[in-house]
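Asks: The structure follows.
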Amino acid sequence: MSYTFVGDRDGVYSRTSPVEMTQVNPQPVQPATEIQLPDIEDFSHITLHQAARDGKIDIIKQRLTKLTSKNQAKCQKLINKRDEDNTTPLHYAVRYGQVEVVKALVDFGADIDIPGEDGASPLHYAARFRASASRQLSQVIAGDENGTVTDGVEVNNIGVVATPLTHAISSNSLPGEVNQTMFQVPSEDESLIHFFVNECDGDVNVKDSYGSTPLHYAASKSNATAVKELLTCDGINVDAIDASGSTPLHCAATEDNVEIVKVLLEAGSDPRAKDNERMTPIHFACTEGNAEAVKLLFEHAERKGDVLEMLEDRNKEGETALHSAVEGGYIDIVEICLKKGAKVKARRGNLAQPLHIAAINGYVDIAKLLVDHRAKIEARNANHETPLHRAAAFNKIFMVDFLLEKGADIDCLDKDNYTPLLAAASEGHADVVSKLLNRGADLQVKNIHDKTAIFLAAEENRVDTLKAILENEKAKSLINESDRYENTPLHVAAQNGYASVVQALLDNKAKINARNEDENTPLHLAAKHGKIRTVLELVKRDLTIINDEDEASNTPLHLAAIEGHIKCCRVLLEKGAEVDARNSTLWTPLDCAAAKGHLKVANILLDFDSPVDPIDKTKTTPLHLAAKEGHADMVTLLLSKGADITLTDYSGRNCLDLAADHSRKETAMAIVNDENWISVLKNKSWEQNRVTTPLRKLIIKLPSVAEAVFNRCVKESGHHVEDKKYEVTFYYEFLEDIYVDWSDGGDAGSETSSLASFSMEDVTGDEEFRKIQGSAGVAEAVTQLEKKESHPLMIMVKNKREQLLGHPLVTFLLDYKWKIFGRYIYYFKLALYCLFLLFLTGYTVYSTEHGPVCLNETVVDKGTADESSVAYILWISVGRIVILALASAHILSELFQLVYQRRQYFSWENLVEWGVYVLAIVYVADEFEVEVVNSCSTAKKTIGALSIFLAWMALVLFIRKFPKLGIYVVMFTSILYTFTKFFMIYVLFLVAFALSFFTLFHDPKQSIRSFGEPSRAIVKTAVMMIGEFDFDDLFNSPDLNVPGVSWFIFIVFLIIMTLILMNLLIGLAVDDIKGVQELAVLERQAMLVDLAMDVEKALPRGLRKRLVPERQVVRPNQYEGFKWYWYSPPISAQEVQVALKPNKSSLEVLSDRTDELQETVSGMKNRLKTMQFNQEEIHKMLVGIVKKLDAIVEGDDDEDDQLF
């Protein structure tokens, strides 16, 4: 034990044992021998808190006096400073009974109401640790005659707590020779409570953080002296409530201090006060078994005539004092309550009577007492349970005996039709079950779910209880009684894997092949839930049940495969289960395992010779199911075992189609990496009224897998990349598949896969997907695939697959198309159009300059045209013929495209071309003496202007397809499109200002013609947006009186239209240009594709068939000089190699690592599920072992879920 020296004014020190704040009372001060007092300066390391605790008043006074003389404010701050425990020196002084220190601290300005730990004030401490002087003397530590210090309490006895020193004790009252200055003893009226309340005007009802007053503290710590002293204080609130609503009387009743209870009652405390839970002091006294306090409360109530009311007081649970006493098992208090008139049939919230509570706890003596006072044996609670129900459910066999002796109905029913026998069987109380059966309980009774006692015992794995029931003669006939779902006890035991219960039932002739409403046998349920021991037990008893089928024709092996129970499947197969059994959908167990992705189960099934390509009603195979559900490992396993990769289901889709349709990336990658990847890509089917292939689906949904396909379509030679013999072979079959015949594809409708993919048997059902059937279907498919938007290249463009468009396979295919026929056709068409545009431009310019002079739409002068001049002959004589011929030829070409392309023909580009050619013919018609319009009318000029304008615009659109120049046209069209969307807002602003200016600047004298009409005003306002204001004409004209508001509107116009709106348009344009530049590569490739497709569509079908390549062998290093320029490849050999084996960027590496991590996490999740399942199985096994051995396992108190 460590000691602290406490000094007094005369320099004598005593040693004390420090006591923790949480103790009820501190250790008393210890007397000690005198020692030499050191100088004050030697205690500079002692804090004010420590000095106050140890009673070093000289140090405190010297330090505070010195500090006060220097800085009064700093002294106040120091004296009220809290330490790490939120406690001030004044708290410590009160806590350890240092009366003189307390007074000194208060004299120096200590705050007597300052809150400390939990908001407790010094007065709370005084009330908590106060005791009488006589009690202190009996517990003080005294010295012997020789001055030896001895402890008044045993040091090692932790349970002994010393009494606090809150009264000063005179030195002459201590035995032995003790220095008189050891204790400063004030008189009785100088106690700390008296000091704080009367002398310092402290608040006697001050509350801490929990709302407790000093009176609460004194009552809860059984400090009778403090209670009495507090009650003498003026203004004391004897019924003050804390945060829980409790009064001091509640605290006293809980602690069983009769003296304090009596004092509080005499002081006027309300004996029926209720806390937040509506608990009264009598409730607390009955709950804690404080009989004396109960008697005292009843005596007080009798004097006031409130006994019956007190007995009827109920808490939130509806419990009376009698309920509380019975629940605590305090028979003496129960007897007191009954003698005072407590209602023995009183019901609490769940309608339980005291007899129910006694039955639950097995208090037979209390039950006898209650029955003697006319408690109802057949009383019912909210669940219609009698006391016998509750006693049976809680295994209170003596209580059961007592209640039966008193005439309780042994077969009474609760609201769920449970009898006491069913309740005991469900809880596994074998002794109670035997007792009830011996007393004649009805074994045939069922609950609302039609479960018998045998069923409940089996369902809850109550082996001993079940055996006890089965010993009864009537049990044999009830062993196969089923519940409402036609499950027998054997079903439920097998489902939960209760092997001991299963054995007991089978030993007593339970029907092993009984079926429930789903036609499941016990073996079905055991296999479904993976209960291996149960499965072994069942098949050991009867092997013929191993292939029994349920209502869906599933065998136990099907159900085990669906749930992925590996060991269970192996056991069933080893015992003779049919590996190729079919259910109602013609699924085999392998189908079930493949659909769920149970790889190990599939391995076992295949090891037992399961067919690898069985087909169901929809011609679906296990490979289809695995691909559809995204089980990549399963797909790999099936392919390695010889699964046919080309088989298609009823809709004509193969495994790769299904993987792509459901966006199964890993699965699709596993398929295309298989050695038979070429075969799986050779498939065509209808989807949403269009023909599609696996590659098209991959481009749309899984571009990374499509890229892997492209890589496999490129083969390099074995030469060095810089060698002239280095060659690359490109296979275009899957990109150019319009006219390819893939009629050797497999059909799952035949086990031999002998049907062609284009002549499969029609299977009705899903209209979204269907096969290509017959020659007519093939022809229709070709027509669909010939559409421009159906080509894989156009699909890449539409879905913005930049990575795929830049792949060497696509690049060389486009280059092939361009070099073989594209450039010739394109340049020929461009040359013809340029020739047409040249003559149209020359005709327009010459006819305009040298045309006739007209007056009132009548020719008055033939003009200055010289018919013999070269210009006239070239532009007029020849030009009109060329224009007419080329325009007519182009119109015929457009008509041909219209017939061929139909709805796809209609576009802005074609509309512009129609306008060019028609207007050109009308424009030159009068040269052939065909007067469509009057040559002197404005219509002639209008037609000419529109014709030449559209012609040059059409050239812009023509050039748009040129990759290097077309990007700028794309920028322009993108900006134009954005402006059209903004145009409505623009027009609103324009009209608003135009009409305002028209109103303000309109002049009848037409001095300002710009605003003479509304239409002119709109045009003028639009022109003003670019800075053409004509400011002087508007505001400085002497002939125009401008209203003052004109200045305001003009300034607003400058801000909105010139600054904000124009800058907004510029910003939108810049943003569009930036977007186009960011997608420049994609746009360029898209233009190349669009150009190639347009050129190709212009060719006849027969020629297209001959020109479509299946493969191309390229030697990038073969040509040099001029030949290289003409035959050069689009990219170099090095670029091809880099594209096929790219060095990934850091972002791509990070993305790959992320994908790998996701796969790893997914795998870990699966493994964790397996571990969790195994852990649960181990847990169940351990629980069974513990129960079998009747061992007791203790868990940690802080665990929510105990192990057993």
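Any Cβ shown, glycine's included, is placed from N, Cα and C.
It should be emphasised that the depicted structure is a prediction, and the values quoted were computed from it without experimental measurement.
This is the feature table in TrEMBL:
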- 870-1078: domain 'Ion transport' (DOMAIN)
- 85-117: repeat 'ANK' (REPEAT)
- 210-243: repeat 'ANK' (REPEAT)
- 244-276: repeat 'ANK' (REPEAT)
- 277-300: repeat 'ANK' (REPEAT)
- 317-349: repeat 'ANK' (REPEAT)
- 350-382: repeat 'ANK' (REPEAT)
- 383-415: repeat 'ANK' (REPEAT)
- 416-448: repeat 'ANK' (REPEAT)
- 485-517: repeat 'ANK' (REPEAT)
- 518-551: repeat 'ANK' (REPEAT)
- 552-584: repeat 'ANK' (REPEAT)
- 618-650: repeat 'ANK' (REPEAT)
- 824-846: transmembrane segment (TRANSMEM)
- 872-893: transmembrane segment (TRANSMEM)
- 943-962: transmembrane segment (TRANSMEM)
- 983-1001: transmembrane segment (TRANSMEM)
- 1047-1070: transmembrane segment (TRANSMEM)
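Are these features on the surface or tucked inside, and what are their neighbours?
Replies: If one looks beyond the repeat 'ANK' (210-243) by at least 6 residues along the same chain, the residues whose Cβ comes under 8 Å of a Cβ in the stretch are 24, 118-121, 123-124, 126-132, 135, 166, 191, 193-194, 197-198, 204, 249, 251-252, 254-255, 257, 259-260, 263-264, 267-270, 273, 275.
Outside the repeat 'ANK' (244-276) by six or more residues, the chain places 210-211, 213, 215-216, 218-222, 224, 227-228, 231, 236, 238, 282, 284-285, 288, 290, 292-293, 296-297, 300-301, 306, 309-310, 313, 315 with a CB less than 8 A from a CB of the stretch.
If you average pLDDT over the repeat 'ANK' (277-300) in this model, you get 95.
DSSP assignment over the repeat 'ANK' (317-349) gives 17 helix, 0 strand, 16 coil.
Residue counts for the repeat 'ANK' (350-382) under DSSP (helix as H, G, I; strand as E, B; rest coil) come to 17 helix, 0 strand, 16 coil.
Break the repeat 'ANK' (383-415) down by DSSP state and the numbers are 16 helix, 0 strand, 17 coil.
Break the repeat 'ANK' (416-448) down by DSSP state and the numbers are 17 helix, 0 strand, 16 coil.
Helix, strand and coil content of the repeat 'ANK' (485-517), in residues and according to DSSP, is 17 helix, 0 strand, 16 coil.
Here the transmembrane segment (824-846) has Cβ contacts under 8 Å with residues 865, 871-872, 874-876, 878-880, 882-883, 886-887, 889-890, 920, 923-924, 944, 947-948, 951-952, 954-955, 958, 961, 1091, 1095, 1098-1099 of the same chain, all six or more residues outside its ends.
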Asks: Would you mind listing the long-range same-chain contacts of the repeat 'ANK' (277-300), meaning Cβ under 8 Å and 6+ residues beyond its ends?
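Replies: For the repeat 'ANK' (277-300), the far contacts come to 244-245, 247, 249-250, 252-258, 261-262, 265, 271, 307, 310, 313-316, 319, 321-322, 324-325, 327-328, 330, 332-333, 336-337, 340.
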Asks: Take the repeat 'ANK' (350-382) and find every residue of the same chain, 6 or more past its ends, with a Cβ under 8 Å from one of its Cβ atoms.
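Replies: For the repeat 'ANK' (350-382), the far contacts come to 318, 322-323, 326-327, 329, 331, 334-335, 338, 344, 388, 390-391, 394, 396, 398-399, 402-403, 406-409, 412, 414.
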Asks: May I ask for the residues of the chain that lie six or more residues beyond the repeat 'ANK' (317-349) and have a Cβ under 8 Å from a Cβ within it?
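Replies: Beyond its ends, the repeat 'ANK' (317-349) has Cβ neighbours at 280, 282-283, 285-289, 291, 294-295, 298, 307-308, 310-311, 355, 357-358, 361, 363, 365-366, 369-370, 373-376, 379, 381.
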Asks: List, by number or range, the same-chain residues at least 6 past the repeat 'ANK' (518-551) whose CB is under 8 A from its CB atoms?
Replies: 488, 490-491, 493-499, 502-503, 506, 512, 557, 559-560, 562-563, 565, 567-568, 571-572, 575-578, 581, 583
Asks: Quick check on the repeat 'ANK' (210-243): DSSP residue counts for helix, strand, coil, in that order please.
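Replies: Secondary-structure breakdown of the repeat 'ANK' (210-243): 15 helix, 0 strand, 19 coil.
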Asks: What is the three-state DSSP composition of the repeat 'ANK' (618-650), stated as helix, strand and coil residue counts?
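Replies: Helix (H, G, I), strand (E, B), coil: 17 helix, 0 strand, 16 coil.
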Asks: Taking residues 6+ outside the repeat 'ANK' (485-517), which of them lie with a CB under 8 Å of any CB in it?
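Replies: 452, 454-455, 457-459, 461-463, 466-467, 470, 475-476, 479, 523, 525-526, 528-531, 533-534, 537-538, 541-542, 545, 548, 550, 1180, 1184.
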